[in-house]
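Database features, via Swiss-Prot:
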{"type": "BINDING", "residues": "32, 33, 34, 35, 36, 81, 82, 110, 133, 167, 283, 307", "note": "NAD(+) binding site"}
{"type": "ACT_SITE", "residues": "112", "note": "active site, N6-AMP-lysine intermediate"}
{"type": "BINDING", "residues": "401, 404, 419, 424", "note": "Zn(2+) binding site"}
{"type": "DOMAIN", "residues": "586-667", "note": "domain 'BRCT'"}
């Protein structure tokens with residue numbers, strides 16, 4: 001047994017060494033086959049002799065048993081966000097504030113990795129817990145998934161108690177490989193590596209996460225007590241020595257001009273990196289100066305994040321195609337000569353509507369400027385008339401639906417053309433796709449191509465038919481083996497237990513979004529009560545305006561829809577609200593039961609963070625100001641909502657007043 005113990009230790013050392021060379025140094029000394037052979041040997045030993053399996057064994061990287069859910073855990077120290085800078089003027093103002101408070105300063109510039117912020121806790125040198133950022137105060141425990149990332153040491157080189165923070169991300173080559181696999185399996189593709197990383201880390205089965213080949217860069221440590229570091233740069237060097245991966249493309253600079261040079265360098269070189277970045281983080285380098293400057297409620301005063309502007313490129317507009325959405329809206333899409341934008345190849349981009357095409361004088365054959373809105377969604381910004389070829393073609397929208405041939409109409413007050421044929425095949429298929437989507441019934445495995453096959457085979461004609469599908473229906477479909485069929489049927493069965501708001505949103509009632517679906521489900525609790533409501537009742541509810549009220553009542557009064565609901569009931573699809581009622585939340589009297597509207601730009605938190613916090617205190621956050629609104633929180637550049645609130649005599653708070661009230665409650 002002594003020989004076996006020695007071999008286990010040897011395998012640990014070899015596998016950890018090879019893993020570090022491959023994933024951290026990007027310089028492997030052995031082929032993958034050698035690593036796999038040694039890992040398989042260790043797995044076999046641990047299966048036959050469980051006493052040799054340790055918490056830091058390299059076999060942990062493979063993943064373990066699937067979890068039922070992720071636990072919510074409070075951060076020992078809040079994970080704060082950074083203030084943003086979008087241009088040189090913002091950066092110079094930041095520099096001026098710094099120098100006014102602490103005098104001369106050295107900055108540390110680091111690449112802002114486009115991934116998911118994580119916190120890693122080590123006890124006696126062992127990795128014991130990993131959390132997502134969450135809302136900054138509470139994150140999700142994704143320890144088992146993080147253990148599969150080779151760049152995260154399971155055991156530090158010294159037995160310290162420490163919490164480090166970093167950015168988990170998906171390298172571009174892993175992202176391309178993952179999407180190729182998803183395309184083969186007729187699954188929805190990830191839009192970008194960031195979404196792919198976030199989705200991978202939230203897999204309940206860590207074995208799936210292990211296959212995604214994620215990585216991580218560590219950028220900070222919570223407590224410097226055990227560190228011989230006087231600066232951010234020295235702290236990163238210490239983290240390297242302990243076995244953590246930090247980004248090497250960092251630089252110390254003496255002034256704001258050095259910061260601007262660093263930004264200029266990486267703005268031009270960002271595409272050469274094997275991972276996505278979306279900006280630059282600038283920090284005061286000296287740790288004592290950081291302590292002197294301190295924090296606001298939401299961010300450190302000694303750091304700021306410069307965000308890259310959306311990249312614009314020029315390519316050729318080859319054609320314009322039309323798509324019909326589930327509500328009949330006909331949307332033009334630009335077919336482009338493939339071009340790389342913000343790290344991915346783009347061959348299609350949104351043109352939104354006919355008015356935009358004409359207003360921007362966009363013609364087929366033009367050279368056009370393309371960018372990704374928010375570095376995600378490609379859109380055509382403008383044409384370049386001076387480069388227009390003689391044979392460029394002015395585009396005119398059709399008069400009839402390209403799917404069903406029905407005449408297209410433009411409803412008063414709308415810019416979009418719409419097909420109003422309720423039996424239009426394109427709309428019906430889009431409605432089915434919407435019904436199974438994540439925010440609706442969330443039926444995993446029922447992708448677009450499978451739905452199209454099922455519809456064309458006349459196996460499903462409406463959303464209720466999904467719950468009547470059998471193994472015999474699914475097995476003959478393309479790329480549907482026994483395992484995929486079993487998984488899909490299980491997902492369909494699971495969807496029957498969704499809460500009422502999922503069903504309401506999934507039905508695709510025009511104007512009824514996710515939030516309004518939640519409001520109605522919570523208010524009426526069952527579908528049967530909803531079937532009896534009137535427009536007059538609905539318009540009295542916050543967040544349910546005239547259009548939504550009319551649309552919901554008209555939809556639910558339709559006899560075909562009532563028959564559809566009965567068809568769903570016959571298959572035991574849940575029609576009851578399962579969530580927590582806002583009225584049951586015991587919040588602070590300052591907020592509980594109040595209707596609050598957020599307007600304008602917030603600097604110390606995002607609108608989403610503010611909304612979540614208010615909801616946690618029992619407040620109802622609405623999007624419009626009415627006589628029933630109790631408070632309006634007005635950020636920078638608040639517009640018509642603030643004006644309306646003033647005219648109605650509604651109480652108005654500035655962002656700072658709101659933050660002060662939060663601080664009072666937290667103290």
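Using N, Cα and C of the backbone, Cβ positions are placed for all residues, glycine too.
What Swiss-Prot annotates, mapped onto the structure for a quick look.
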residue : record                                  : DSSP (3 states)
34      : NAD(+) binding site                     : helix
82      : NAD(+) binding site                     : coil
112     : active site, N6-AMP-lysine intermediate : strand
133     : NAD(+) binding site                     : coil
283     : NAD(+) binding site                     : strand
401     : Zn(2+) binding site                     : coil
419     : Zn(2+) binding site                     : strand
424     : Zn(2+) binding site                     : coil
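When the binding-site residues 34, 36, 283, 419 are ranked by how far their Cα is from the Cα of the residue listed as 'active site, N6-AMP-lysine intermediate', 283 comes first.
Confidence for the domain 'BRCT' (586-667), expressed as mean pLDDT, is 81. Within the same chain, residues at least 6 positions away in sequence whose Cβ sits under 8 Å from that of residue 283 (NAD(+) binding site) are 107, 108, 110, 232, 290, 302, 303. The binding-site residues in question are 404, 419, and the one with the fewest Cβ neighbours inside 10 Å is 404. Here residue 34 (NAD(+) binding site) is positioned 57 angstrom away from residue 424 (Zn(2+) binding site), judged by their C-alpha atoms. In this structure the alpha carbons, written CA, of residue 34 (NAD(+) binding site) and residue 404 (Zn(2+) binding site) are 58 Å apart. Listed in chain order, the residues near the Zn(2+) site other than 401, 404, 419, 424 are 324, 328, 402, 403, 405, 406, 408, 421, 425, 426, 427, each with its Cβ within 8 Å of the site Cβ centroid. Per-class residue totals from DSSP over the domain 'BRCT' (586-667), listed helix then strand then coil: 31 helix, 18 strand, 33 coil. Closest by Cα distance to residue 133 (NAD(+) binding site), from the binding-site residues 401, 404, 419, is 419. The Cβ of residue 82 (NAD(+) binding site) has 281, 299, 300, 303, 304, 305 as same-chain neighbours under 8 Å, each 6 or more residues away in sequence. If you take the Cα of residue 401 (Zn(2+) binding site) and the Cα of residue 36 (NAD(+) binding site), they are about 56 angstrom apart, rounded to a whole number.
Taking the C-alpha positions, the distance from residue 419 (Zn(2+) binding site) to residue 36 (NAD(+) binding site) comes to 56 Å.
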